[in-house]
2 protein chains.
Amino acid sequence: MQLLKDMIINKGKVREGNILKVDSFLNHQMDIKLFNEMGKEFKRRFEGQKIDKILTIEASGIGIAAIVSQYFDYVPVVFAKKTESLNLDKEVYESEVHSFTKKKTYKVRVGKQFLNEGENILIIDDFLAKGCATKGLIDILNQSKANLVGVGIVIEKGFQEGRSVLEEMNARVESLAIIEKFEDGKVVLK
Amino acid sequence: MQLLKDMIINKGKVREGNILKVDSFLNHQMDIKLFNEMGKEFKRRFEGQKIDKILTIEASGIGIAAIVSQYFDYVPVVFAKKTESLNLDKEVYESEVHSFTKKKTYKVRVGKQFLNEGENILIIDDFLAKGCATKGLIDILNQSKANLVGVGIVIEKGFQEGRSVLEEMNARVESLAIIEKFEDGKVVLK
């Protein structure tokens, strides 16, 4: 997706440890026009697939998934929660996720009433690196016996194992931009 | 806003301690059609006001603010972060917020480059109760010398002090639904 690739090249910043910062348009400040273009592209990639619901994870996935829903007939968007909210019902599916960025393991939870057997689910998230967060979402989805239609990722770190981890779980992965490598502090896209 | 009021009455659940759960359409599963209607209504309330940017707070505010932006000429949406991300730049505005729901105090942060002097900001959030989170956002906004155009709230607990706290800070508050009280485990709206 060219618009996204241009923004990654022009506005992304590579920090120490090869961390790509895209917080000026993706995960701190959000470019809603870009998100709409991403929605159109995900629709094109998953054309003809029946989608009943979108599943994502707080916080960065939420805004993307909300806009993407509009291109899939405004299906409900469910976001997995990372913190134990006093407001969350006891009846939840949960899975453990390790974040290498934040260097900690946390639980993700989805209220059982929001994922049902046989529902067709599209997972949307901002990043795919080692695949830990998405793997947690698929684990939750499997507990609910919903069907995974596919995983829509905005930026994939193609040099990490996320894609193969998910494909081993029989997930179809569609990424709008794939980073081949970092070179001299710059992003090289596929 | 009648559609929202109907959903609160029909789908909201009142739990022990007078906690209103609206997680089937607002803050765990998100009803994107409803969010679009909310966007239209916020536009009507703030008609004629110049808005350069929307400011909200993770996690529940993000989806709402993303959709609302589409009714304000797709202005950028910035969400304040609650956790100290290793990815967050050191140059941040920050403020402390106490959450009575979660019974803890946490810091909220916005990267300095995302709020600029003289920008006209609309704050959007899902709930207004005691006003703590919104007060934190206004504090951050004041540090940046941006202008606060107003605060758009989806559900206000009208029996708590949030509105007066914000109005004392010279904020214009527009709530789409106002809870007058809880009575016999039911919501009574204004």
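First residue shown is number 1, and so on along the chain.
Backbone N, Cα and C define each Cβ position, glycine as well.
Note that TrEMBL annotation is computational and uncurated.
For reference, TrEMBL has these:
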type	residues	note
BINDING	A:L20, A:N27, A:K157	xanthine binding site
BINDING	A:A129, A:K130, A:G131, A:C132, A:A133	5-phospho-alpha-D-ribose 1-diphosphate binding site
DOMAIN	A:43-161	domain 'Phosphoribosyltransferase'
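Between the CA atoms of A:C132 (5-phospho-alpha-D-ribose 1-diphosphate binding site) and A:L20 (xanthine binding site) there is a gap of 18 Å.
Note: the domain 'Phosphoribosyltransferase' (A:43-161) comprises 29 helix, 46 strand, 44 coil (DSSP; helix = H, G, I, strand = E, B). Sequence-distant neighbours of A:G131 (5-phospho-alpha-D-ribose 1-diphosphate binding site) (same chain, six or more apart, CB under 8 Å from its CB) are A:Q160, A:E161, A:G162, A:R163, A:V165, A:L166, listed in sequence order. Reduced to three states, the DSSP call for A:N27 (xanthine binding site) is coil.
Cβ contacts within 10 Å of A:N27 (xanthine binding site), excluding its own Cβ and spanning all protein chains shown: 22. Burial estimate for the binding-site residues (A:L20, A:A129, A:C132, A:A133): highest at A:A133, by number of other CB atoms within 10 Å.
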